[in-house]
Amino acid sequence: MNDITFYQRFEADILAGRKTITIRDKSESHFKAGDILRVGRFEDNQYFCTVEVLSVSPITLDELTEQHAKQENMGLDELKEVIRSIYPSEGLLYVVTFGLIEGKYENLQ
(Lines of atoms letter the chains of each structure in order from A; the text may use other names.)
(Lines give C-alpha, C1' and ligand atoms only; values in the text may rest on other atoms or scores of the structure.)
Protein backbone atom coordinates (compact mmCIF):
# COMPACT_ATOMS: atom_id res chain seq x y z
CA MET A 1 0.00 0.00 0.00
CA ASN A 2 1.25 3.46 -0.91
CA ASP A 3 1.20 6.42 1.47
CA ILE A 4 0.95 9.14 -1.18
CA THR A 5 0.26 9.19 -4.91
CA PHE A 6 1.28 11.44 -7.80
CA TYR A 7 -0.06 11.74 -11.32
CA GLN A 8 1.98 9.53 -13.64
CA ARG A 9 3.26 12.58 -15.55
CA PHE A 10 5.34 13.51 -12.46
CA GLU A 11 7.00 10.11 -11.97
CA ALA A 12 10.13 10.74 -14.07
CA ASP A 13 10.70 14.18 -12.48
CA ILE A 14 10.45 12.71 -8.98
CA LEU A 15 12.81 9.85 -9.81
CA ALA A 16 15.31 12.26 -11.39
CA GLY A 17 15.17 14.65 -8.40
CA ARG A 18 13.68 17.49 -10.47
CA LYS A 19 10.43 17.56 -8.45
CA THR A 20 11.12 17.95 -4.73
CA ILE A 21 7.84 19.33 -3.39
CA THR A 22 4.17 18.61 -3.68
CA ILE A 23 1.34 20.98 -2.83
CA ARG A 24 -1.61 19.31 -1.12
CA ASP A 25 -4.82 20.23 0.67
CA LYS A 26 -5.62 19.77 4.36
CA SER A 27 -6.46 16.07 3.91
CA GLU A 28 -2.76 15.42 3.20
CA SER A 29 -1.27 17.94 5.63
CA HIS A 30 -0.70 15.35 8.37
CA PHE A 31 2.72 14.32 7.11
CA LYS A 32 5.67 15.46 9.22
CA ALA A 33 9.42 15.79 8.78
CA GLY A 34 11.08 12.40 9.00
CA ASP A 35 8.11 10.42 7.68
CA ILE A 36 9.12 7.75 5.16
CA LEU A 37 6.47 7.38 2.45
CA ARG A 38 5.84 4.78 -0.22
CA VAL A 39 4.94 6.63 -3.41
CA GLY A 40 2.61 5.35 -6.11
CA ARG A 41 1.05 6.55 -9.33
CA PHE A 42 -2.43 8.03 -8.93
CA GLU A 43 -3.73 6.29 -12.04
CA ASP A 44 -2.95 2.69 -11.02
CA ASN A 45 -1.46 2.97 -7.50
CA GLN A 46 1.72 1.26 -8.78
CA TYR A 47 4.63 1.83 -6.36
CA PHE A 48 7.58 3.66 -7.91
CA CYS A 49 9.72 5.09 -5.10
CA THR A 50 10.20 5.88 -1.43
CA VAL A 51 10.67 9.44 -0.16
CA GLU A 52 11.42 11.11 3.14
CA VAL A 53 9.35 14.13 4.16
CA LEU A 54 11.69 17.02 4.94
CA SER A 55 9.08 19.63 5.90
CA VAL A 56 5.40 20.56 5.69
CA SER A 57 4.33 24.20 5.67
CA PRO A 58 1.06 26.03 4.99
CA ILE A 59 0.79 28.31 1.95
CA THR A 60 -1.83 30.12 -0.11
CA LEU A 61 -1.94 30.18 -3.89
CA ASP A 62 -0.89 33.86 -3.88
CA GLU A 63 2.21 33.03 -1.80
CA LEU A 64 3.60 30.59 -4.36
CA THR A 65 6.90 31.77 -5.85
CA GLU A 66 9.21 30.95 -8.73
CA GLN A 67 11.20 28.86 -6.24
CA HIS A 68 8.16 26.67 -5.58
CA ALA A 69 7.63 26.35 -9.33
CA LYS A 70 11.27 25.33 -9.81
CA GLN A 71 10.88 22.67 -7.09
CA GLU A 72 7.83 21.40 -9.00
CA ASN A 73 9.83 21.50 -12.27
CA MET A 74 7.43 23.91 -14.00
CA GLY A 75 6.79 27.62 -14.47
CA LEU A 76 4.88 29.62 -11.84
CA ASP A 77 1.84 30.26 -14.05
CA GLU A 78 1.67 26.57 -14.95
CA LEU A 79 1.99 25.59 -11.27
CA LYS A 80 -0.87 27.88 -10.25
CA GLU A 81 -3.02 26.53 -13.09
CA VAL A 82 -2.33 22.92 -12.06
CA ILE A 83 -3.11 23.68 -8.39
CA ARG A 84 -6.35 25.49 -9.33
CA SER A 85 -7.44 22.50 -11.43
CA ILE A 86 -6.78 20.01 -8.61
CA TYR A 87 -7.99 22.17 -5.69
CA PRO A 88 -10.41 24.72 -7.21
CA SER A 89 -11.94 25.89 -3.91
CA GLU A 90 -9.06 25.52 -1.46
CA GLY A 91 -7.66 28.67 0.14
CA LEU A 92 -5.03 27.11 2.38
CA LEU A 93 -2.67 24.52 0.95
CA TYR A 94 0.44 22.74 2.25
CA VAL A 95 3.89 22.45 0.72
CA VAL A 96 5.33 19.01 1.41
CA THR A 97 9.09 19.01 0.73
CA PHE A 98 10.60 15.58 0.19
CA GLY A 99 13.80 13.81 -0.73
CA LEU A 100 14.10 10.64 -2.79
CA ILE A 101 15.35 7.66 -0.78
CA GLU A 102 14.82 4.80 -3.20
CA GLY A 103 13.50 4.73 -6.75
CA LYS A 104 12.20 1.96 -8.94
CA TYR A 105 14.71 2.95 -11.61
CA GLU A 106 18.38 3.34 -10.70
CA ASN A 107 20.54 6.06 -12.25
CA LEU A 108 17.63 7.69 -14.09
CA GLN A 109 18.80 10.84 -15.88
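Positions of Cβ are set from backbone N, Cα and C atoms, glycine also.
Per TrEMBL, these features apply:
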type     : residues : note
DOMAIN   : 4-102    : domain 'ASCH'
ACT_SITE : Lys19    : active site, proton acceptor
ACT_SITE : Thr22    : active site, nucleophile
ACT_SITE : Glu72    : active site, proton donor
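In the structure as shown, the Cβ atom of Glu72 (active site, proton donor) sits within 10 Å of 23 other Cβ atoms.
According to its DSSP assignment, Lys19 (active site, proton acceptor) is coil. Taken together, the residues of the domain 'ASCH' (4-102) have an average pLDDT of 96.
Counting residues of the domain 'ASCH' (4-102) by DSSP class, helix then strand then coil, yields 31 helix, 38 strand, 30 coil.
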